[in-house]
Amino acid sequence: ALADAALRQCMPCGPGDRGNCFGPSICCGAELGCYVGTAETLRCAEENYLPSPCRAGGQPCGAGGRCAAPGICCSDETCSLEPACLEEAGERGGEPAQKNLTGLDASAGDFLLKLMHLAANRQQQGGKGPLL
């Protein structure tokens with residue numbers, strides 16, 4: 001409980017500072033998705049120099065990660081698709097996820113959903129290697 005009290009929100013990052021740093025090269029937000037190793041994550045390296053620990057994201061997921069964006073679980077080193085994080089987005093109202101999908105035409109939205117389900121099923125089956 002004492003450790004939880006010492007945690008602060010991780011630094012903002014990404015376009016319009018609408019995301020939060022999850023690690024030195026990971027920036028995620030509900031409306032943004034996740035950036036890994038891009039210019040949007042450069043600011044996140046500064047977290048290593050701050051004296052107090054931080055925590056970003058929602059519910060715990062995966063191996064030491066937290067829900068970072070709808071359907072995505074990130075630790076400080078990596079991100080993966082996580083169906084439980086889709087459920088969390090729905091519990092919060094799901095507005096950002098739905099808003100992002102409505103901007104796509106029907107075929108692009110269907111393709112994205114099929115790709116997310118394929119990746120989630122492959123992960124549950126312990127599949128290794130590329131998705132496609």
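Placement of Cβ uses the backbone N, Cα and C atoms for every residue, glycine included.
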Cys27, Cys28: which one closes the disulfide with Cys13 in Swiss-Prot?
Cys27
Among Cys67, Cys74, Cys79, Swiss-Prot lists the disulphide partner of Cys85 as Cys67
Nearest to Cys74 (disulfide bond) by Cα, among Cys21, Cys28, Cys54, Cys67, Cys85 (disulfide-bonded residues)?
Cys67
When each of the disulfide-bonded residues Cys10, Cys13, Cys54, Cys79, Cys85 is scored by other CB atoms within 10 A, the minimum falls on Cys54
